[in-house]
Amino acid sequence: MGVFVVLLSIATLFGSTSGTALGPRGNHSDCNSVDHGYQCFPELSHKWGLYAPYFSLQDESPFPLDVPDDCQITFVQALARHGARSPTDSKTKAYAATIAAIQKNATTFPGKYAFLKSYNYSMGSEDLTPFGRNQLQDMGAQFYRRYDTLTRHINPFIRAADSSRVHESAEKFVEGFQNARQGDPRANPHQPSPRVDVVIPEGTAYNNTLEHSICTAFEDSTVGDAAADNFTAVFAPAIAKRLEADLPGVQLSADDVINLMAMCPFETVSLTDDAHTLSPFCDLFTAAEWTQYNYLLSLDKYYGYGGGNPLGPVQGVGWANELIARLTHSPVHDHTCVNNTLDANPATFPLNATLYADFSHDSNLVSIFWALGLYNGTKALSQTTVEDTTQTDGYAAAWTVPFAARAYIEMMQCRAEKQPLVRVLVNDRVMPLHGCAVDNLGRCKRDDFVEGLSFARAGGNWAECF
């Protein structure tokens, strides 16, 4: 496969953690913070699936988040989704068309619908919103603070997929990280700012563990779309009927209903730089309907990129094998989507670093989490009935891949242990690991953790891609 890499800097990294008490960015609203993420309108915003802004799941964690006093973090791999963005180009056109049709055909716009009469669709497509940029600055600050005994003296090695919103997210993470360091009187004042070290091209011509493109059978799959269509047919017609009764002259398809619901999160994350203003589209739907919408988006990701798609998890195998290499300081062994040109070069894939941060897309994160076995306890999701997180073993799109989602794979050395221990945090939720013996703090011994990644080490079912 061909390769094009933007190599901005190479850092030498070594290190160990506690937590610097640095203040949040000054323009935060009371419900949006570095430590807890987006807690504005939680009864709504936490039901926006993959369009929900990141919010901390610490209170939902089955294990404590704190690191024991007798342990020291020695390694961290961060994996993050880009921040809040405008809709994709195709969705922007679809949303605008739905609104235009309503404006053309409705004979009256009563009450909560009044804003629609003169509404002007003005969102762009694909790019980060100002709020999305701030999310990644916050993540950089959070990462610095959480691992400050390391970050005061060490820079993370940073990679990003070559999508503008992903690359910019990585750059904003760097800004937040460095701003936090500059505000820390205990930091090394001579340590240069981190930079985005490697940008990996996207597309079918390139192997890239941070963006899926090359598994032909997977790219042609319609499993996710079919599952989403099945559930949409269950709940959307009743909503369409209600809206049509409220807006005489209007006829709405199931897709129109989903388009109008999507306008709620997308406009909310676009209106202000801290998303403190709720879009008027949000008030057009009931709490029960938002629960259904949230489940629809979870279903779509599960059957599109997760365990519900036979070729979903294998899309994350390459990254899982890179993680194994970094944890064990050994060369990458993979025959799936790893870019061997990059990973064989210590300048573009160092094995001796302490801190790593990779930036990608929501779909890739879903596949990676399944390749790591984090949701092995999640059974096939119903396509006709809403299931909550107690029924899905903690899986939901809003809990897993919201805007600015972040996973931290930590390795720690503890006084009573000869071997380092590994745990995984997804949006501040310490994950119940599968495939290895877990202690009462959610940790496995490193060698057991690696051994448990048997699906990834065997290359999954990659042969079925072609």
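Using N, Cα and C of the backbone, Cβ positions are placed for all residues, glycine too.
Copied over from Swiss-Prot:
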SIGNAL    1-19  signal peptide
CARBOHYD  ASN27  N-linked glycosylation site
DISULFID  CYS31-CYS40  disulfide bond
BINDING   TYR51, ARG81, HIS82, ARG85, THR88, ARG165, LYS301, HIS361, ASP362  1D-myo-inositol hexakisphosphate binding site
DISULFID  CYS71-CYS414  disulfide bond
ACT_SITE  HIS82  active site, nucleophile
CARBOHYD  ASN105  N-linked glycosylation site
CARBOHYD  ASN120  N-linked glycosylation site
CARBOHYD  ASN207  N-linked glycosylation site
DISULFID  CYS215-CYS465  disulfide bond
CARBOHYD  ASN230  N-linked glycosylation site
DISULFID  CYS264-CYS282  disulfide bond
CARBOHYD  ASN339  N-linked glycosylation site
CARBOHYD  ASN352  N-linked glycosylation site
CARBOHYD  ASN376  N-linked glycosylation site
DISULFID  CYS436-CYS444  disulfide bond
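Where Swiss-Prot records a feature, it is marked here on the structure.
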| residue | record | CB count, 10 Å |
| --- | --- | --- |
| CYS31 | disulfide bond | 17 |
| CYS40 | disulfide bond | 20 |
| HIS82 | 1D-myo-inositol hexakisphosphate binding site | 30 |
| ASN120 | N-linked glycosylation site | 7 |
| ASN207 | N-linked glycosylation site | 22 |
| CYS264 | disulfide bond | 25 |
| LYS301 | 1D-myo-inositol hexakisphosphate binding site | 28 |
| ASP362 | 1D-myo-inositol hexakisphosphate binding site | 20 |
| CYS414 | disulfide bond | 18 |
| CYS444 | disulfide bond | 22 |
- What DSSP gives for CYS282 (disulfide bond), in three states, is helix
- Report the nearest neighbour of TYR51 (1D-myo-inositol hexakisphosphate binding site) in space among the recorded positions CYS40, CYS264, ASN376, CYS436, comparing Cα positions. CYS264
- Query: If you measure from the C-alpha of CYS215 (disulfide bond), which of the binding-site residues HIS82, THR88, LYS301, ASP362 fall inside 10 Å?
  - Reply: none
- Query: How far is it from CYS264 (disulfide bond) to CYS436 (disulfide bond), counting Cα to Cα, in Å?
  - Reply: 41
- Message: Measuring Cα to Cα across TYR51, ARG81, HIS82, ARG85, THR88, ARG165, LYS301, HIS361, ASP362, which the record gives as the 1D-myo-inositol hexakisphosphate binders, how far apart are the two most distant ones in Å?
- Response: 20
- Task: Measure the Cβ-based neighbour count of ASN105 (N-linked glycosylation site), defined as the other Cβ atoms within 10 Å of its Cβ.
- Result: 13
- Message: Tell me which of the recorded positions HIS82, CYS282, ASN352, CYS436, CYS465 ends up closest to CYS31 (disulfide bond) in space, Cα to Cα.
- Response: CYS282
- Task: Tell me the Cβ neighbour count for CYS282 (disulfide bond), meaning other Cβ atoms within 10 Å of its Cβ, over all protein chains shown.
- Result: 19
- Could you state the whole-number distance in Å separating the C-alpha atoms of ASN352 (N-linked glycosylation site) and CYS282 (disulfide bond)? 48
- Message: If you compare CA-to-CA distances from CYS414 (disulfide bond) to each of the recorded positions HIS82, ASN120, ASN207, CYS282, which comes out shortest?
- Response: HIS82
- Residue pair CYS71 (disulfide bond), THR88 (1D-myo-inositol hexakisphosphate binding site) - Cα distance, angstrom, rounded: 44
- Going by C-alpha distance, which of the binding-site residues HIS82, THR88, ASP362 is nearest to ASN120 (N-linked glycosylation site)? THR88
- Message: Going by DSSP, is CYS465 (disulfide bond) sitting in a helix, a strand, or coil?
- Response: helix
- Sort the binding-site residues HIS82, THR88, LYS301, ASP362 by C-alpha distance from ASN376 (N-linked glycosylation site) and give me just the closest. LYS301
